[in-house]
Amino acid sequence: MKTFVLHIFIFALVAFASASRDSAKKIGSQYDNYETCLTEHGLTDDDIFSIGEVSSGQHKTNHEDTELHKNGCVLQCMLEKDGLMSGADYDEEKMREDYIKETGTEPGDQRIEALNACMQETKDMEDKCDKSLLLVACVLAAEAVLADSNEGA
């Protein structure tokens, strides 16, 4: 019995460490064009917000508007290089397809509905950088809420 409890404790610790590690990652750092877009915008990895900071909304209160805008420009650059945006316009279908492929979601998954809602919420924004950051922040926040609600279920 002690061994079983120890295994559960270790599993929970590993799961927590994995989630913490992901939240410390920089937004977009897992994508091919990350370094290219940082260079194009004259930024370093230190200038980019962490996933945890964005998913919790802390990026809005902890940073100046210029930092928010610059982070959004890096995100927009990556989205454009991946064919998901052109200027300030989304390719909604391609964005859904890539999201499904990346997350392994199935039709009807709440995360797809969240992506759709986030695209709808930001679609009329004219500034491509602010629009990109708001979209990514919206999706990350929705994923965090859904993950929390699934843990409680």
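Using N, Cα and C of the backbone, Cβ positions are placed for all residues, glycine too.
Marked as signal peptide by Swiss-Prot: 1-19. Feature annotation from Swiss-Prot assigns disulfide bond to C37-C77, C73-C129, C118-C138.
What Swiss-Prot annotates, mapped onto the structure for a quick look.
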residue: C37; record: disulfide bond; contacts (Cβ under 8 Å, 6+ apart): G28, V74, C77, M78, K81
residue: C73; record: disulfide bond; contacts (Cβ under 8 Å, 6+ apart): H41, K128, C129, S132
residue: C118; record: disulfide bond; contacts (Cβ under 8 Å, 6+ apart): L135, C138, V139, A142
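Ranking the disulfide-bonded residues C77, C129, C138 by the number of CB atoms within 10 A of their own CB puts C77 at the top.
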